[in-house]
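Following: one structure in structure tokens, then a few remarks.
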């Protein structure tokens, strides 16, 4: 093996240097480039070491000789790099992403995202609309709206030709990715143009890119809407339809190991690195003991009153979470007593629902604190009056013709005064059975079909167990 180039490295900065970007060649040897998007891990196996033959590949010539400030030398073997896309490289003969999304486009379905002022409507494969509704004193409804993009209709022949071209090139082009919560996530783009003219861009038409992202439990929710440049938008949609395509499945990036062998006369690991880690352990020890003590207290005194975070932006599972491991009986009792509350929503506003108590809309800010709007409060008399004029429960027929309760609806009125129509806010809460492999999955969403009149949807497998207890007014009780 030929002599390699050497470069000095201070012990404490060793990790930074190795995880940086190396020159492409050392002493005539071409080395693989390192990327900040792919995680690496340093390992110190000692002088007697055999490169792994399974997993991420290595080549004998892909190495550098590193010399620390203490004149310790190490031969560091660099991986050929894995980015988590190995399965994608296999031949795929299934439907294209466009074909997988085709049922969504043919259903004429729309998704909604409600923010503090604007509501966004994405009718898949057709258009994107941004609007705000207001009612004047005379009950005349004023709508302020902008189309952020529309799909250009094509003749069947043009559409067929374009689809054929797309399928021919799709297997060879790079998959688009977007950084979502620190993870590079693949998406399928759908361009929409010919939106409402933009006065800030010489009346050019607004346009949008709809980014469809795989999520197995999603219901085509709108994850985000962003104006990336003036009158040009990005809309991120979560859908389960793309998950059948290997190139669009989300996978965490694998960790690529860099093996640094000590050369003759050098310790197994650099002395300065050992010293640094020892100092860090001394700092961590008191904190770790305190964390362990807090965790024990939390496990000992934890109750089922902890709110459930639904649609947290700390995950990419918008509108879906997993409830803590409780028995169904406990959960049902606490839910019906109103002491177990659901929290849901993404974006500026979040929502809190406590059964038989209230529905709140709130925003938390680290500087200004928590802003809460009462959307509706529970009063049995008001609900009973509402139930006389509206459908409090809906039925569905099973395969053997038996009718079972599909949804129940409850009225919560007397919310905070609406600035637009000077009427109290109100909300209809729809409780629905959710079939899921996880018995404790729950989905919460909110719609505003009319100004300050809301619909809150709550779906869970637990609700399946109590729907049939609903009386003629839709009121639930603990099942026998």
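Each residue, glycine too, has its Cβ placed from N, Cα and C.
Note that this is a predicted model, so its numbers are computed, not measured.
Record features, source Swiss-Prot:
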type	residues	note
DOMAIN	108-245	domain 'MRH 1'
DISULFID	110-123	disulfide bond
REGION	152-172	region 'Disordered'
COMPBIAS	163-172	compositional bias 'Basic and acidic residues'
DISULFID	198-231	disulfide bond
DISULFID	214-243	disulfide bond
DOMAIN	339-466	domain 'MRH 2'
DISULFID	341-354	disulfide bond
DISULFID	418-452	disulfide bond
DISULFID	433-464	disulfide bond
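Feature map: Swiss-Prot annotations on the structure.
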{"residue": "123", "record": "disulfide bond", "CB count, 10 Å": "16"}
{"residue": "198", "record": "disulfide bond", "CB count, 10 Å": "17"}
{"residue": "214", "record": "disulfide bond", "CB count, 10 Å": "24"}
{"residue": "231", "record": "disulfide bond", "CB count, 10 Å": "19"}
{"residue": "243", "record": "disulfide bond", "CB count, 10 Å": "17"}
{"residue": "341", "record": "disulfide bond", "CB count, 10 Å": "19"}
{"residue": "354", "record": "disulfide bond", "CB count, 10 Å": "18"}
{"residue": "418", "record": "disulfide bond", "CB count, 10 Å": "16"}
{"residue": "433", "record": "disulfide bond", "CB count, 10 Å": "20"}
{"residue": "464", "record": "disulfide bond", "CB count, 10 Å": "18"}
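Taking the Cα of residue 354 (disulfide bond) as the reference point, the closest of the disulfide-bonded residues 123, 198, 214, 243, 433 is 433.
Checked against residue 452 (disulfide bond), the disulfide-bonded residues 123, 433, 464 differ in C-alpha distance, with 123 being the nearest.
Across the domain 'MRH 2' (339-466), the DSSP tally of helix, strand and coil residues reads 14 helix, 69 strand, 45 coil. DSSP assigns residue 123 (disulfide bond) to a strand in the three-state reduction. Averaged across the domain 'MRH 2' (339-466), pLDDT in this predicted model comes to 84. In the three-state DSSP scheme, residue 198 (disulfide bond) falls into the strand class. Distance noted between the C-alpha atoms of residue 341 (disulfide bond) and residue 464 (disulfide bond) is 17 Å. With the fewest other Cβ atoms inside 10 Å of its Cβ, the least crowded of the disulfide-bonded residues 110, 452 in this structure is 110. Residue 198 (disulfide bond) sits 21 Å from residue 123 (disulfide bond), counting Cα to Cα.
With residue 123 (disulfide bond) as the anchor, the candidate disulfide-bonded residues are 214, 243, 418, 433, 464, and the one with the nearest CA is 214. The disulfide-bonded residues recorded for this entry are 214, 231, 243, 464, and the Cα of 214 lies nearest to that of residue 110 (disulfide bond).
Straight-line distance linking the Cα atoms of residue 433 (disulfide bond) and residue 214 (disulfide bond), rounded to a whole number, equals 24 Å. Counting in whole angstrom, residue 418 (disulfide bond) lies 37 from residue 214 (disulfide bond) by their C-alpha atoms. Put simply, of the disulfide-bonded residues 214, 243, 464, the one whose Cα is nearest the Cα of residue 231 (disulfide bond) is 214. Cα to Cα, residue 464 (disulfide bond) and residue 243 (disulfide bond) are separated by 27 Å.
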